[in-house]
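Report on one structure; see the data block that follows.
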Amino acid sequence: MSDGSSFYITTPIFYVNDVPHIGHAYTEVASDVLARWHRQAGDDTWFLTGTDEHGQKILRTATANGVSPKEWADRLVATAWQPLLATIDISNDDFIRTTDERHEKNVQLFLQRLFDAGYIYTGDYEGFYCVGCEEYKQPTDLVDGTGQYEGVQVCAIHSKPVELLQERNYFFRMSDFTDRLLDLYESNPEFIQPESVRNEIVAFVRRGLNDLSISRQSFDWGIKVPWDDTHVVYVWFDALLNYITAAGYGSDDARFEELWPATHIVGKDIARFHAVIWPAMLMAAGLAVPKQVFGHGWLLVGGEKMSKSKLTGIAPNQITDTFGSDAFRYYFMSAITFGQDGSFSWEDLSARYQAELANGFGNLASRVIAMVIKYVDGRVPDAGTLTDAEEGLRALERTVVAEADAAIERLAIQDALTSIWQLVDQLNGYITVQEPWKLSKNPEDRARLETVLATVVHGVGTLAVLLSPVIPEATTKLWQALGGVGDIADVPIRQAYDWQGVGRVEALAPLFPRVETIEGAA
Ligand code: ME8
């Protein structure tokens with residue numbers, strides 16, 4: 001049943017200079033799990049993702065490939081970024097591209113409003129710019145280059161030289177918002193999460209903010225500044241606005257009122273843009289700041305942040321082709337604490353797949369269905385007299401539902417899975433102790449057998465409902481096999497223990513079959 005809450009969640013919009021890797025997919029899956037959970041809880045949920053298509057980085061890649069930037073973006077969106085969503089089973093409600101008319105038009109509207117309100121002025125910019133980051137750099141952001149860049153200063157993130165910019169640009173009076181931002185962080189400690197990201201950003205803003213250069217004149221792949229078409233809007237200023245242009249800002253005010261503000265899920269690399277520049281822009285426009293900015297950690301491969309430019313990139317389908325999309329989703333949500341860095345390895349993925357999904361959950365589901373078919377002809381029996389063991393499992397179902405929901409509320413996806421897994425383990429333990437295969441041999445034990453089977457069917461159904469946001473494909477199959485009523489995604493997750501079935505089960509093929517070869521494994 002809906003409690004009427006609205007939940008608007010976003011991923012970053014990704015650069016289309018290259019194809020997605022598992023880092024991008026990680027952000028998508030985490031946001032998708034949160035969106036699916038809230039949707040299934042009956043909350044008024046909207047999940048937005050999309051692509052960031054302007055700026056020098058895209059322009060240079062397109063030029064190097066001999067096509068226009070728009071052609072390049074169209075190609076990458078159609079062949080890589082939209083297909084990614086199907087590969088990992090993302091349930092987004094909208095997909096925004098910064099080249100959409102709904103976006104471009106309303107970025108101009110927003111900028112014009114800031115200009116009219118006196119927040120924009122003309123100034124001269126001189127400093128360093130990293131095209132990889134699409135960001136102006138301070139000298140303290142640079143490090144000594146190595147190898148082919150020995151002797152020059154390079155961007156600490158991309159390990160590539162920065163470019164000296166000298167341009168006449170438009171500036172946003174961001175420095176005016178230093179105190180208001182600090183007040184926001186203090187009065188709403190949840191605004192930036194996790195704590196480590198929050199501390200870093202608060203310390204950064206305490207040092208004082210500079211005004212922000214928000215236009216570029218030396219190239220034209222961008223949205224034109226409305227009062228001066230010799231300038232295009234700085235790509236980050238343009239990109240951040242996607243969260244409101246997609247929600248109806250400037251085009252459907254009633255809808256915008258309903259949806260905004262959003263929870264932004266981003267990597268910690270870009271948390272500062274979202275928790276400093278973005279709320280300052282919104283404050284200047286007289287709009288509400290985001291509900292929350294959560295900066296998750298890095299996926300590390302071989303101890304380093306995985307990235308295409310450092311050739312450690314792994315494509316999501318390298319994993320899903322072998323293990324399936326559910327395993328991809330489960331693995332990254334359970335193996336890594338959301339908010340901390342986590343190492344990816346094929347060995348770890350493979351071991352967890354086998355132990356947790358195949359042997360733990362998958363085997364439990366198969367055994368339960370198979371026993372109901374074998375011992376009671378597929379008809380789910382009614383429970384008779386309950387002993388402490390059954391009462392304990394029923395109570396655990398309720399505890400786990402409450403714990404998991406509370407964990408999702410604080411975006412602790414891993415904790416939610418840890419709670420849910422108590423039920424997997426307890427059900428497996430219960431079957432071992434009750435030995436239904438022995439009960440089935442003795443007609444006098446029939447009532448007890450029925451109670452045991454009713455209890456495990458109930459527990460497995462509750463698990464299916466609770467795990468549906470994380471492993472939607474497997475739980476849909478299990479739900480059908482259990483004779484669950486309706487679409488599993490519509491079963492109220494906060495009352496998962498109250499699920500309804502038609503009273504018959506059907507055969508179920510293994511949910512997580514044995515994986516013999518591990519493609520891409522070292
Ligand atoms: O920054 N581990 O886009 P982007 C975890 N267009 N997550 C990773 C990752 C890794 N190793 N590598 C990338 C941009 N990510 C801008 C955003 S939003 C208004 C504009 C994920 O294509 C993570 O979410 O460089 C990170 O923040 C994002 O990809 C960067 O994507």
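Any Cβ shown, glycine's included, is placed from N, Cα and C.
Given the ranges 100-104, 135-139, 305-309, 440-444, the record in TrEMBL names 305-309 as motif ''KMSKS' region'. The range from 14-24, 168-178, 223-233, 344-354 that TrEMBL describes as motif ''HIGH' region' is residues 14-24. The C-beta environment of CYS133 (Zn(2+) binding site), restricted to residues of the same chain at least 6 apart in sequence and closer than 8 Å, consists of CYS155, ILE157, HIS158. Taking the Cβ of CYS130 (Zn(2+) binding site) as reference, residues of its chain lying under 8 Å away and at least six apart in sequence are, in sequence order, LYS137, CYS155, ILE157, HIS158, LYS160, VAL162, GLU163. The binding-site residues under consideration are CYS155, HIS158. Their Cβ neighbour counts within 10 Å are lowest for HIS158.
One way to see the shell of the Zn(2+) site is to take the Cβ centroid of CYS130, CYS133, CYS155, HIS158; the remaining same-chain residues with a Cβ within 8 Å of it are VAL131, GLY132, GLU135, LYS137, VAL154, ALA156, ILE157, LYS160, VAL162.
Over the domain 'Methionyl-tRNA synthetase anticodon-binding' (380-483), the average per-residue pLDDT in this prediction is 98.
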